[in-house]
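These come from Swiss-Prot:
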DOMAIN    3-204  domain 'DPCK'
BINDING   Gly11, Ser12, Gly13, Lys14, Ser15, Tyr16  ATP binding site
Amino acid sequence: MRVIGLTGGIGSGKSYVAERLAERGAAVVDTDAIAHEITAPGGAAIPKLVEAFGPGILRADGAMDRDAMRALAFSDATAKARLERITHPLIREISLSRGAAAQASDACPYLVYVVPLLVESLSGHHSWRALVDRILVIDCPVETQIARVIARNGLPRALVESIVARQATREARLAVADDVIDNGGALADLLPQIDRLDLAYRAH
């Protein structure tokens with residue numbers, strides 16, 4: 001079973017493309033969705049997060065306050081590193097377990113890992129490069145990313161720009177891409193690209 005690593009900057013349309021690939025039969029493991037799972041009420045990361053940051057990092061329902069954590073992580077590099085040390089190993093463990101289950105079932109034509117920080121983690125012990133056959137980058141202009149995130153999440157422009165600045169550059173993602181979907185235009189231009197890659201991934 002071919003294994004695809006799908007990535008792109010915030011607001012690039014990763015989730016939308018992953019959903020369309022899933023509709024076409026792909027097994028999809030979304031690391032961002034898993035990140036939400038482990039920081040939900042009773043999630044696997046909650047005890048360690050409280051130990052590291054205190055109970056004030058939780059909402060009233062017991063979930064991690066994502067807005068507060070995001071603001072802290074992007075203003076304090078030490079806090080960001082501490083957060084990643086807690087969450088990244090858990091996310092990776094669960095992702096690989098679900099991916100292995102999909103591969104063992106052989107019920108899908110190919111497997112897609114959705115990894116927002118795939119390019120940032122290409123080097124080192126926890127690189128995704130050795131785990132995927134092809135890297136698929138969802139690409140769009142940076143200004144388009146920023147506008148989409150502001151419209152979707154209602155975040156201040158300065159915070160969105162800070163998030164974008166701390167991610168891999170557009171050029172860095174394109175440099176390692178095996179396949180690229182251009183999501184800078186209309187929806188009508190996006191779907192044929194998804195169909196083309198779906199057929200290509202099935203053929204191997």
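Yeah, the Cβs are placed from backbone N, Cα and C, and that goes for glycine too.
Sequence-distant contacts of Gly13 (ATP binding site), defined by Cβ-Cβ distance under 8 angstroms and a gap of at least six in the same chain, are Ile138, Cys140, Arg148, Ile181, Asn183, Leu190. In this structure, the binding-site residues under consideration are Gly11, Ser12, Lys14, Ser15, Tyr16, and the one with the smallest number of other Cβ atoms within 10 Å of its Cβ is Tyr16. For the recorded ATP site, residues Gly11, Ser12, Gly13, Lys14, Ser15, Tyr16 set the reference point as the centre of their Cβ atoms, and the other residues of that chain within 8 Å of it by Cβ are Gly8, Val17, Ile138, Arg148, Asn183. Confidence annotation: the domain 'DPCK' (3-204) carries a mean pLDDT of 94 in the model. DSSP classifies Ser12 (ATP binding site) as coil under the three-state reduction.
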